[in-house]
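Asker: According to TrEMBL, the protein has these features:
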- Ser114: active site, phosphoserine intermediate (ACT_SITE)
- Gly40, Leu41, Ser42, Gly43, Ser44, Gly45, Lys46, Ser47: ATP binding site (BINDING)
- 32-181: domain 'APS kinase' (DOMAIN)
Amino acid sequence: MQKTEENAEDKNIVWHEGDITYEDRCKNLDQQGKVVWLTGLSGSGKSTIAVEVEKELLKRGKAVYRLDGDNIRHGLNSDLGFSAEDRDENIRRIAEVAALFREAGMIVLASFISPYQEMRDFARERAEGDFIEIHVKADVETCASRDPKGLYEKAKKGEIKNFTGVSAPYEEPEDPELVIDTAELSVEESVEKVLNYILEN
Ligand SMILES: Nc1ncnc2c1ncn2[C@@H]1O[C@H](COP(=O)(O)OS(=O)(=O)O)[C@@H](OP(=O)(O)O)[C@H]1O
Ligand SMILES: Nc1ncnc2c1ncn2[C@@H]1O[C@H](COP(=O)(O)OP(=O)(O)O)[C@@H](O)[C@H]1O
């Protein structure tokens, strides 16, 4: 784990190194830690894909754990809303959590809208390069027509403010490892592509 706290000395906190290394943990699990970051609009298919990929990886004996926007906002990030500042803080904390899982040697499937490139880059940096950015891509019309939670309907009526794709921005990934076009692909095809990429990398 990289040290990041710049003012550590002022706060009287000192990094304590353990004896077990990242390599030791990976060897024990017979895999490499990885943060698989799924970004895209609400309804693009992030959670659906992550749930299926998790099952497939587990079947293959991999140590895998899913972090999902809705779920994390029930607990760790229940104090945060959807302003740009709160979304940044949401992703900052999740990037740190994902980095800890990666450090433990696990494969993390992180599904968050994560609308800003700067924060996705931060998550990549914290994962020390063991990072796969996947753009789960579907245009806003497709996502709104799916509307699995009825949120686009509410957003269009003005009942939800700052709704991504409607009244808040989404910055498309600049250089993702993988783009999954869920407006064109079936769920099965999308899952297969993501799974193969993870297993091959
Ligand atoms: N205003 C607004 N904009 C976008 N999404 C909203 C909003 N309000 C609630 N929701 C619900 O919150 C889920 C997204 O949370 P995330 O933590 O992934 O968002 S972010 O990364 O901080 O932008 C998102 O889940 P997904 O549909 O799975 O993406 C929604 O269910
Ligand atoms: N190729 C695909 N990949 C993932 N989901 C898809 C795909 N095609 C259609 N869908 C549907 O789109 C919806 C996506 O919802 P969800 O996974 O909750 O999205 P998100 O987590 O991005 O908000 C689901 O109803 C799913 O069945």
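Just so you know, glycine gets a Cβ as well, placed from its N, Cα and C.
Note: TrEMBL annotation is automatic and uncurated.
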Asker: Which residues in the same chain, at least 6 apart in sequence, have a Cβ under 8 Å from the Cβ of Ser47 (ATP binding site)?
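Answerer: Expected: Asp68, Asp70, Ser111.
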Asker: Taking ligand 2 as the reference, state which of the recorded positions Leu41, Lys46, Ser114 have a Cβ closer than 6 Å to one of its atoms.
Answerer: Lys46
Asker: Is any of Gly40, Ser42, Ser47 (binding-site residues) within Cβ reach of ligand 1, i.e. under 6 A, and which?
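Answerer: If the test is a Cβ under 6 Å from any atom of ligand 1, the answer is Ser42, Ser47.
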Asker: Between Ser42 (ATP binding site) and the residue listed as 'active site, phosphoserine intermediate', what is the CA-CA distance rounded to a whole number of Å?
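Answerer: It is 10 Å, counting Cα to Cα.
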Asker: Let's see if you can do this one: DSSP helix, strand and coil counts over the domain 'APS kinase' (32-181), in that order.
Answerer: 61 helix, 29 strand, 60 coil
Asker: I'm trying to understand the geometry here, so how far is the Cα atom of Gly45 (ATP binding site) from the Cα atom of Ser114 (active site, phosphoserine intermediate), in Å to the nearest whole number?
Answerer: 14
Asker: What's the CA-CA gap between Leu41 (ATP binding site) and the residue listed as 'active site, phosphoserine intermediate' in angstrom, rounded?
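Answerer: Given the Cα positions, Leu41 (ATP binding site) is 9 Å from the residue listed as 'active site, phosphoserine intermediate'.
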Asker: Measure from the CA atom of Ser114 (active site, phosphoserine intermediate) to the CA atom of Gly40 (ATP binding site) and give the result in Å, rounded to a whole number.
Answerer: 7
Asker: About how far apart, in whole Å, are the alpha carbons (Cα) of Gly43 (ATP binding site) and the residue listed as 'active site, phosphoserine intermediate'?
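Answerer: Distance (Cα to Cα, whole Å): 13 Å.
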